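Peer 1: Take a look at this one; I'll ask things after.
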Amino acid sequence: MAPAHLDVVCRPTNGKTPRKHWHESGWSRSLLTFRVLMYSLAIISLVLYTFCDSAFFPICYLPRFWLAGHCNGLAELLSPGVNSTTCPQWTALHPTKYRGLSEDLDVAYNSEDFKQRAIQALGDAVRVPTESYDDNGPVGEDSRWDTFAELHRVLEASFPRIYKSLNVTKVNTYGLIFHWQGSTSAKPYILTAHQDVVPVEEQTIEEWKHDPYSGYYDGTWIWGRGTCDDKGDLIRQLLAIDSLLKQGFSPARTLILSYGFDEESKGIEGAGHLARYLEETYGRDSFALLLDEGDLYTDTGGIVFATPSTSEKGYLDVKITVSTLGGHSSVPPSHTSIGLLSRFIAAVEDNPHQASLSRRGTPFATTQCLAAYDPAYPEDLRKLARKAVADDAALKVLQERLLASDPLYKAVLGTTQAVDLIEGGVKVNALPERANAVVNHRIAEHSSVAELQQHMIDLLTPLATKYDLALVAFGSNVTRGGAGEVVLSDFLGTALEPSPVTPTGYGPWALLQGSIKAAFESSPTRNSSKVVVVPSLSIGNTDTQFYWNLTKHIFRFSPSFDTDRFNGEHTVNEGKRCSVTLFSLLMQFPKLAFRADSMNEGVRFYTKFILNVDESDLP
Ligand SMILES: *[C@@H]1O[C@H](CO)[C@@H](O)[C@H](O)[C@H]1NC(C)=O
Ligand SMILES: *[C@@H]1O[C@H](CO)[C@@H](O)[C@H](O)[C@H]1NC(C)=O
Ligand SMILES: *[C@@H]1O[C@H](CO)[C@@H](O)[C@H](O)[C@H]1NC(C)=O
Ligand SMILES: *[C@@H]1O[C@H](CO)[C@@H](O)[C@H](O)[C@H]1NC(C)=O
Ligand SMILES: *[C@@H]1O[C@H](CO)[C@@H](O)[C@H](O)[C@H]1NC(C)=O
Ligand SMILES: [Zn+2]
């Protein structure tokens, strides 16, 4: 479709046709000269526009600027209803067997009664301050976990029907598993969320118009810590299940709810134990799919994108410890352990990891989707993205252009590093025997913990040798030395590989897409507008890191708009529209309040998703 458009609108004619009306007047001669000039300029521009992809040649800008304005269809901007080979879209999937049930519930969810009930249930959950601290001790030893018992009482009071009808198991005291037995032996599936919230810091208290644990409803917003992350998801899942129970629905496929309670710290006490319990009880790879919290709907100005994450970056904190012989500062060596450590740090910072846009990676898939469907995507990038599907040179240029467009792309396309901690020296007149620093890494989807470790070994070995230090890296002796040693280690033992990438070609992904579209397109507030569903890479980590053994179909998606999350003066992202990226950092902003209307929108999504999975033939 694009080439036809190009023919009609943008290709300059070559001057063959209108010959017959020439008059040899001075006026027409100058007109002819003018036309020849214009045609030549147009042809040169088109040639440059087509073959000139580098941002570094200023001559490329002019034709781009000139032609891009006229040729908006040039590189296949698709309307959201159209399928594409580079970003496959399935149509909305409405329950068929349970069509009537689904429609009845759509009506119920729009009632004022339901809205009030949803506000009440979320408010009640938010009023229990289930804060999770980085330094929490194990459950049973640290009494700060006790608030979770109160949350359990609140949930039971809000959802007596669920507690009566489903089997509830507590794992490691505060982990919650709800088991809803299906009538068939089809593989069960899991919805997850977390019960804990980020502690409220004293100095942020004045940002809160209403107490962070008030759960106050002001007519638009429900206020409080956890409304957005992640009690909103948890309560909306329970509301969907409660409504289905009330209608007498009983599932064909077993549904499991798994709710951890320390996602905001390490996740080990909650999801860590829950995952082990699920693997022991149901077996490895025994679930059809898993849906956790994650990325949202974003309205990029006309087109709405939903961006479930299909992978997460990995993680490694490397501690660099330099030990030298001590001594007195009055007779110092040329380099103390602090001086040596600074050289290692400089080497690390001077050799950042190379970003890479690979056709097999998730960021490439996201880029293709934005290029195909986002009207605000820069035209030259749209064209480049299309070309990059098969053309290696174009892929390289696209990578450079994306990296130049937004610093976020460095994080999306590569392993990042940040020297975040440093320690050393005890006294101004004593040589420091030991100094250390910790480098935080988020590992690219295409890399691994081992590759990162090797990068550091390769980088630091020559320096260790130069200063006659023994290098011990991650448990092995790399080089010997007489002047001391430098040790590389996993700081808190929290190494995490990049997650497996969820397949997006078929089955569960198509079903998730279809359910998102069905919920969105049937929203009373969305006027039947369409949504494009795009796989994305998450640059942070969720509880899903513990669930890899249970299924390869792991999705991270919260059925809310970015604008449903209130963040003080402005809603998150307000005023910062960046069409080139949708890899949002939403999860990292403090959120103060959640839009009440988003409650029923989300419940509608979970309901349709549950019904669709239930009647599907997913293996
Ligand atoms: C869209 O395209 C994909 C792959 O090209 C295909 O698998 C899928 O069935 C198509 N969707 C529709 C609704 O035709
Ligand atoms: C609860 O567990 C019992 C015994 O394992 C089982 O028979 C029953 O179907 C379960 N009920 C639900 C709703 O899952
Ligand atoms: C490393 O070298 C030290 C001292 O030479 C030795 O004690 C230790 O066993 C070695 N470790 C490994 C893993 O080889
Ligand atoms: C839907 O239509 C109504 C009435 O025309 C309008 O006020 C509202 O803004 C529209 N909503 C969206 C999401 O476009
Ligand atoms: C997944 O399985 C591997 C291999 O059996 C095991 O070592 C690992 O602990 C399991 N992961 C979790 C999170 O349970
Ligand atoms: Zn969360």
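Note: Cβ is positioned from N, Cα and C throughout, glycine not excepted.
Okay, these came from TrEMBL:
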type: TRANSMEM; residues: 32-51; note: transmembrane segment
type: BINDING; residues: HIS194, ASP229, ASP292; note: Zn(2+) 2 binding site
type: ACT_SITE; residues: ASP196; note: active site
type: BINDING; residues: ASP229, GLU264, HIS570; note: Zn(2+) 1 binding site
type: ACT_SITE; residues: GLU263; note: active site, proton acceptor
type: DOMAIN; residues: 311-466; note: domain 'Peptidase M20 dimerisation'
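Neighbours and distances for these, please.
Peer 2: DSSP assigns HIS194 (Zn(2+) 2 binding site) to a strand. Around HIS194 (Zn(2+) 2 binding site), a 10 Å sphere centred on its CB holds 28 further CB atoms from the protein chains shown.
A simple way to gauge crowding: the CB of ASP229 (Zn(2+) 2 binding site) has 24 other CB atoms within 10 angstroms, across all the protein chains here.
Residues near GLU263 (active site, proton acceptor) in space but far in sequence (CB under 8 A, at least 6 apart, same chain), listed by position: SER132, HIS194, ASP196, ASP230, GLY270, ALA271, THR542, ASP543.
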Peer 1: Please report the three-state DSSP label of ASP292 (Zn(2+) 2 binding site).
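Peer 2: Strand, per DSSP.
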Peer 1: Across all chains shown, how many C-beta atoms besides its own are within 10 angstroms of the C-beta of ASP292 (Zn(2+) 2 binding site)?
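Peer 2: Its Cβ has 26 other Cβ atoms within 10 Å.
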Peer 1: Within 8 Å of the Cβ centre of HIS194, ASP229, ASP292, which other residues of the chain have their Cβ, at the recorded Zn(2+) 2 site?
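Peer 2: Once HIS194, ASP229, ASP292 are set aside, the remaining close residues are THR192, ALA193, ASP230, ASP233, LEU234, GLY260, GLU263, GLU293, THR542, ASP543, SER558.
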Peer 1: Helix, strand or coil for GLU263 (active site, proton acceptor)? Use DSSP.
Peer 2: coil
Peer 1: Identify which of the recorded positions ASP196, GLU264 has its Cβ surrounded by the largest number of other Cβ atoms within 10 Å, counting every protein chain shown.
Peer 2: ASP196
Peer 1: Could you check which of the recorded positions ASP196, GLU263, ASP292 have their CB within less than 6 A of ligand 6?
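Peer 2: Only GLU263 qualify.
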Peer 1: If I take the alpha carbons of ASP292 (Zn(2+) 2 binding site) and GLU264 (Zn(2+) 1 binding site), what is the distance between them in whole Å?
Peer 2: 14
Peer 1: Considering every residue in the domain 'Peptidase M20 dimerisation' (311-466), what is the mean pLDDT value?
Peer 2: 95
